[in-house]
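The block underneath contains the structure these notes are about, expressed in structure tokens.
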Amino acid sequence: MAKMVSPDAVSTILANPSPDSSSDLPEIIVQVVDLKPTGNRYMFSASDGKMKIKGILQSSLSSEVISGSIQNLGLIRILDYTLNDIPTKNEKYLIVTKCEAVSPALEAEYKAEVKTQENVQENFKNDVKMEETGIVLKPKQEFQTKSAAQIVHEQHGNMAPAARMAMTRRIQPLVSLNPYQGNWTIKVRVTSKGNMRTYKNARGEGCVFNVELTDEDGTQIQATMFNEAARKFFDKFELGKVYYISKGTLRVANKQFKTVQNDYEMTLNENSQVEEASNEEAFIPDTKFNFVPIDELGPYVNGRELVDVIGVVQSVSPTMSIRRKSNNETVPKRDITIADATKKTVVVSLWNDLATNVGQELLDMSDKSPVVAIKSLKVGDFQGVSLSALSKSNIVVNPDLPEAKKLRSWYDSEGKETSLASIGSGMSPSTKNGARSMYSDRVSLLHITSNPSLGEEKPVFFSIKAYISFIKPDQTMWYRACKMCNKKVTDAFGSGYWCEGCQKNDAECSLRYIMALKVSDASGEAWLSAFNEQAEKILGYSADELDKLKSEEGETVYQMKLKEATWVPHLFRVSVAPQEYNSEKRQRITVRAVAPVDYAAESKYLLEEMSKMNISI
């Protein structure tokens with residue numbers, strides 16, 4: 001088997017770093033060595049027995065490794081590749097874009113006379129070639145002097161239209177690109193296009209927009225354009241169309257902000273070239289989803305990572321007008337509530353066109369409980385856990401997906417009769433899946449109150465175990481709220497209540513808690529702010545019920561109900577941020593989730609903490 005390895009295969013690759021599809025290269029068969037996964041791809045070393053070169057298999061070839069066709073110590077025939085320079089490491093990297101398995105794993109790594117890659121590369125750099133017969137010098141090239149006008153004329157005359165660009169330039173797959181490459185041309189389809197956004201920072205004002213690009217292998221990359229480039233290419237890029245792109249730059253993607261699975265992100269400037277492939281059919285390809293079950297959204301709260309969800313629509317609100325604090329602009333908003341097979345529900349806020357177009361479509365068919373798949377949602381902590389659409393979010397109603405069919409089957413057979421609970425109110429203190437567990441980031445009250453700088457840049461989250469020591473009875477315990485959007489209402493002219501958010505009068509309103517309470521633990525005490533869902537859990541009554549009890553049975557009974565809630569231990573998930581009050585900065589500690597103490601889980605937590613301190617039990 002070892003004899004099937006092509007002699008000097010690595011030398012052949014080094015001599016032809018970017019072969020054309022039409023080039024007549026000899027057969028290249030190498031042994032795969034040190035095969036290991038990296039993300040959704042596989043790295044390896046290509047060996048011909050004499051030399052090795054590091055390489056990577058394109059993501060489309062990963063299935064060949066998983067199925068066992070390509071094996072470590074096995075042989076592959078390389079049919080297409082790109083050789084990239086990495087100047088910082090002074091080496092080359094082989095990107096295999098097409099290959100086929102020749103042999104399963106050999107008994108051992110094939111060895112022959114060893115040469116170093118550097119020596120061979122040095123030989124190829126020389127213009128003098130050594131042969132057995134002597135030294136052969138390359139003939140001197142003849143140059144013809146041309147005027148500047150001739151050069152410009154020839155350049156214009158030789159410019160290829162987009163339809164022929166693929167023939168005049170080598171099209172490189174996205175997987176082969178890296179920040180150290182020079183000239184490259186890619187052929188990609190626009191699979192997502194964001195809105196033009198404006199920004200203002202210390203360097204001034206500007207505009208920016210993003211597109212997501214996908215090549216024929218399914219590899220994706222995000223491209224960003226600022227200012228002149230944004231204005232130049234915004235109208236040129238159309239969703240679903242195919243383009244040839246060159247003269248862009250790449251950099252390592254910021255993991256906090258990236259929205260596609262790629263280690264790099266692309267920037268296009270005003271000098272970048274974008275040409276539509278007019279002979280390609282324009283269509284919007286199927287959206288690729290990576291669904292997160294509703295009951296697993298907790299770890300994503302207030303994070304940078306966006307999520308995809310699928311659920312059955314339970315309710316759709318009317319369109320509301322929301323005024324932005326940043327620019328006082330009014331934007332339309334609509335909330336939909338969805339549920340999935342985890343028996344949890346979550347509210348998804350739709351904005352702008354999504355609220356008025358798709359939102360209206362969902363409202364019209366809400367009685368049929370459609371299934372929706374939504375891509376690229378931000379997870380917030382409103383009402384515990386909530387989802388918000390962005391300009392790049394995509395909604396597919398009743399998608400033709402296996403997950404949608406399975407969800408529809410569950411809902412029709414049992415889901416519609418099942419009792420569903422909000423993910424925000426259903427957070428368990430023993431949650432194992434990350435950021436919102438009552439046992440993650442456990443601290444004492446003293447840790448929070450003794451650090452006034454906590455949360456200056458953005459709110460920080462902690463878990464605490466404390467006793468409620470005091471609830472002030474004469475505080476403003478609740479506010480009058482709109483039954484639709486829960487925002488504060490005011491007395492309307494004549495009768496009823498006016499909601500600024502919904503822009504309408506309503507005959508009735510509801511009461512919602514805004515309660516302050518003092519809590520204590522072994523280290524000290526602190527004041528917390530609790531809102532409606534959390535206050536209801538603490539008191540055991542809704543604000544409407546407690547208000548009715550106070551008006552019918554008097555102040556004494558009302559105060560007794562508040563006292564009954566004191567000196568009871570609770571687990572709290574809190575956010576900490578500074579707040580300015582009367583020109584003085586104070587800490588604001590807000591209850592985000594609350595749960596009774598589960599003593600079995602608490603004991604397990606304490607035992608784990610003791611084991612970390614090397615205390616014998």
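Count begins at 1; order follows the chain as displayed.
Glycine residues also receive a Cβ, built from the backbone N, Cα and C atoms like all the rest.
If you check TrEMBL, you get these features:
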- 5-103: domain 'Replication factor-A protein 1 N-terminal' (DOMAIN)
- 184-268: domain 'OB' (DOMAIN)
- 303-398: domain 'Replication protein A OB' (DOMAIN)
- 461-606: domain 'Replication factor A C-terminal' (DOMAIN)
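Assigned with DSSP, the residues of the domain 'Replication factor-A protein 1 N-terminal' (5-103) fall into helix, strand and coil as follows: 18 helix, 48 strand, 33 coil. Across the domain 'Replication factor A C-terminal' (461-606), DSSP classifies residues as 37 helix, 70 strand, 39 coil. For the domain 'OB' (184-268), residue counts in helix, strand and coil come to 7 helix, 46 strand, 32 coil, using DSSP.
Mapped onto DSSP helix, strand and coil, the domain 'Replication protein A OB' (303-398) counts 16 helix, 54 strand, 26 coil. Each residue in the domain 'Replication factor-A protein 1 N-terminal' (5-103) has a pLDDT score, and their mean in this model is 83.
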